[in-house]
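A short write-up of the structure that comes next.
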Amino acid sequence: GQLPTWLQGILLRNGPGMHTIGDTKYNHWFDGLALLHSFTFKNGEVYYRSKYLRSDTYNCNVEANRIVVSEFGTMAYPDPCKNIFAKAFCYLSHTIPEFTDNCLINIMKAGDDFYATSETNFIRKINPRTLDTLDKVDYNKYVAVNVTTSHPHYDSAGNILNMGTSIVDKGKTKYVLFKIPSSVPEQEKKKSCFKHMEVVCSIPSRSLLHPSYYHSFGITENYIIFIEQPFRLDIVKMATAYIRGVSWASCLAFSKDDKTWFHFVDRKTKKEVSTKFYTDAMVFFHHVNAYEEDGHIVFDIIAYTDNSLYDMFYLKNMNKDFEENTKLTSIPTCKRFVVPLQFDKDAGVGSNLVTLPSTATAVKEKDGNIYCQPEILCEGIELPRINYDYNAKKHKYIFATEVKWSPVPTKIAKFNTQTKEMLHWGGEDCWPSEPIFIPSPDAKEEDDGVVLSCVVRTDPQKAPFLLVLDAKTFTELGRAIVDVEMHLDLHGMFIPEQDLKTETE
């Protein structure tokens, strides 16, 4: 095929790549050692490169020739002869565990630099051209967080907004929103932007010992959206997981009879909206987008009715019949919530306060809380992306992988939120990755541009490839076939050529 001449830059992707070290195996697919790979677009040609992230975790494991650093689904023990003294000693040093720096989920841009990220307090700087691993950054040195999301937001000035959970503070568990500036003052050029990190605000956890798990959050022009779901981490269990010989993942539990609470923080005043909004119990990982309209906050998420998704990716379940045998017990559903921030305070109990044209409702209850029910936009999509120029603004299109009842993506989809139409791309034996939208330089419309996806083949005789689609029509423009084994990745970003430092820098 033919690639657009304007497509110049690097598609950088991250995901678990190594699951066996010596005679030891990780329990879970999400635990594997991070493998970065990139596709560099230069004058109509594509160059492929992949490299393991040389994290401290990677180095320790490879040196010992077995897993010695614990991951979320795999608890590791430094000494194979786990006698009672060793266990007691390690137990004392593991109360709040030293987390892994195996940053395998996403890529983040901070100033002119790029970082591999996961959900612990560590991120690793990388060179996007060579994929070399550089500095290790510990968020905890600048802001008290033990876990963070791997889906930060960027404001119009390039500053990063992200969230983390602070567990340590004398049982005062809270969710902390922090900001990393995109640049530092001229006189402090030697310092990193992390030294100028600031806490924007914090939200106390409804339960001090059971904070909510979250993978992303939402943002509009004036508000931060944080969803506190009843999928929670048990801190006491987590602190004793090591001595009990269980993984941290076993300390997560979903309470299907509880409520899911919505928190809205005003970005200017840094205060939370006092009205309490909630919906039914759900589990979700990905926000799609959010925006404000006529006194309402509208936000789209991909939600499940249970937490079975994580369990499916235990490696014991991932055999050759994985696709046939593994069925989701809850289909991912794209839900649109419409939350009225300005409403008639004299409205009667039981009245729907949503005045936008939508089937979503927000019903006032006797205690003053407001119960929200979503509009269902579509089903069976995951790993949603938008044209990021429309982040926090009203969007029309969602690009996503299509999963139906199996957790493995078989197609990619473009969904029109207004007409509910869906376009698909799929191929025999193809497992495509999260689709990334790149706008064309002279874009007039939201879907002017291309969509990129890394496609892994289930037939070992067929080579994997990078797919380039016209984002408007969803027709294939070209593919770059890669003559190596390619891993199934998670998330990543496209870095335009002008955002890459020159080689000498």
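Cβ atoms here come from the backbone N, Cα and C positions, even for glycine.
Where the annotation comes from TrEMBL, it is an automatic prediction and has not been curated.
So that you can see what the record holds, here are the features copied from TrEMBL:
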- H151, H215, H286, H491: Fe cation binding site (BINDING)
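Every protein chain considered, the tally of other Cβ atoms within 10 Å of the Cβ of H215 (Fe cation binding site) stands at 15.
Within 10 Å of the Cβ of H151 (Fe cation binding site) there are 21 other Cβ atoms, across all protein chains. Using a 10 Å radius centred on the Cβ of H491 (Fe cation binding site) and all shown protein chains, the other Cβ atoms total 22. Same-chain residues with CB within 8 A of the center of the H151, H215, H286, H491 CB atoms, the Fe cation site residues themselves not counted, are I105, N106, T149, S150, S216, F285, H287, L383.
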